[in-house]
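Colleague: Quick one: structure below, then a few questions.
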Amino acid sequence: MSKQQEVIFQDDSSEDVETSSSVADSLSEEYAEYHKVHEKSLDATQLYLGEIGVNALLTAEEEVFYSRKAQRGCDKSRAKMIESNLRLVVKIARRYTNRGLALLDLIEEGNLGLIRAVEKFDPERGFRFSTYATWWIRQTIERAIMNQTRTIRLPIHVVKELNVYLRASRELAQTLDHEPTAEEIAEKLDKPVEDVSRLLGLNERIASVDTPFMADSDKSLLDTIADDRDLGPAEQLQDDDLKNNIEHWLGELGEKQREVIARRFGLLNYEPSTLEEVGVEIGLTRERVRQIQVEALRRLRHLLEKQGLSLEALFRA
C-alpha cells in the first residue's frame, strides 16, 4: 500500500485502521487467488497446445486414404483425421477470443465441428479436408458464442432462424455500401419485417468490423484485431490449398464475373475495391458492376453448395 493510500485510510480510530488493513489483506488474497486460477488456465492451454503439436498435417493422399477408411467404420482412421487437424481448430478459435468464451472453450466447440466434418467429408469430391472442415469449425464456434454468452438462453430453433438472418445480412453487405437494414434482409428472405427486426434485436452482439471502435475515433474495430497472418508451415499449407480452390471456383465464372469478384474482394492479386472503383477500372457503371457481382455470387453459391460448403466460408477464410 502506498503512503498516499495509508493517509486516506488513517484516522484517530485504531478500529478503522484495523478494518482498512483487513480490507487490503482480503483484496490481496482475492488477487492472489485470481492470479493463481489465471495461471492455471494458461498452463492448461499451453499443455494442450504442446500435446497436439506432435500431430503431423496429413498430405492430400493421406487424407483420401484415411477418410475412405473412416467412412467404412475404421475408428483409428477417424481418430487420425481428427488428431491431424486439431491445430486448424486452434488457429480458427484464436480469431474468436474476447467474445465471451475462453480459448479452451472455443477450442472444445471447434473440435466438435471438426468431428462433424470428419463424419461428413467426401474425399471423392476432390478438395482438401481443411477447406471443408473450416466451415464446420466456424459454424460450431459461432453458434456456441451466440448460445452461451447470453444472460437469457434462446431456444435452439430461434438461434437457427437468427443465424439465417445474420447470414443473409452478411451476403447483402457484400453487395451494398451500407449495413443491411431489417427491411432489406426481410425482402431478400421473403420474411415479415417484424419477425426479422424482432430476432435481430435479440442479437446484442451484432457489430460491423468497419464501424468506429470509439465514438471520437476514426479507427475501426477491424484495426484493433490482432494480425493473424503470421502462419506456421502447416497453417500456410492449408491457406495455400484454400487459395488454389478459390482460383478453381472463380475459373467456373464468366470472364467479366471473375474480374468483378476478384477486384471487389481482393482475389487473384487484386486489392479490394468499391463498386465505383471497379466500374472505373473496367469501364462499367456502378449499378452494372453490382448486377454482375450479384450474378457471380449466386453462381459461386451454387457451386459451393454442391460441394457441401458455403459462400461465407469462401470470403471469410
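Even glycines carry a Cβ here, placed using N, Cα and C.
Heads up, here are the entries from TrEMBL:
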REGION    1-22  region 'Disordered'
REGION    43-76  region 'Sigma-70 factor domain-1'
REGION    81-151  region 'Sigma-70 factor domain-2'
DOMAIN    105-118  domain 'RNA polymerase sigma-70'
MOTIF     105-108  motif 'Interaction with polymerase core subunit RpoC'
REGION    161-236  region 'Sigma-70 factor domain-3'
REGION    249-302  region 'Sigma-70 factor domain-4'
DOMAIN    274-300  domain 'RNA polymerase sigma-70'
DNA_BIND  275-294  DNA-binding region
Colleague: So how many of the residues in the region 'Sigma-70 factor domain-1' (43-76) end up helix, strand or coil by DSSP?
Modeller: 24 helix, 0 strand, 10 coil
Colleague: Tell me, what is the mean pLDDT of the region 'Sigma-70 factor domain-2' (81-151)?
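Modeller: Taking every residue in the region 'Sigma-70 factor domain-2' (81-151) and averaging pLDDT yields 84.
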Colleague: Run through the domain 'RNA polymerase sigma-70' (274-300) and tell me, per DSSP, how many residues are helix, strand and coil.
Modeller: 23 helix, 0 strand, 4 coil
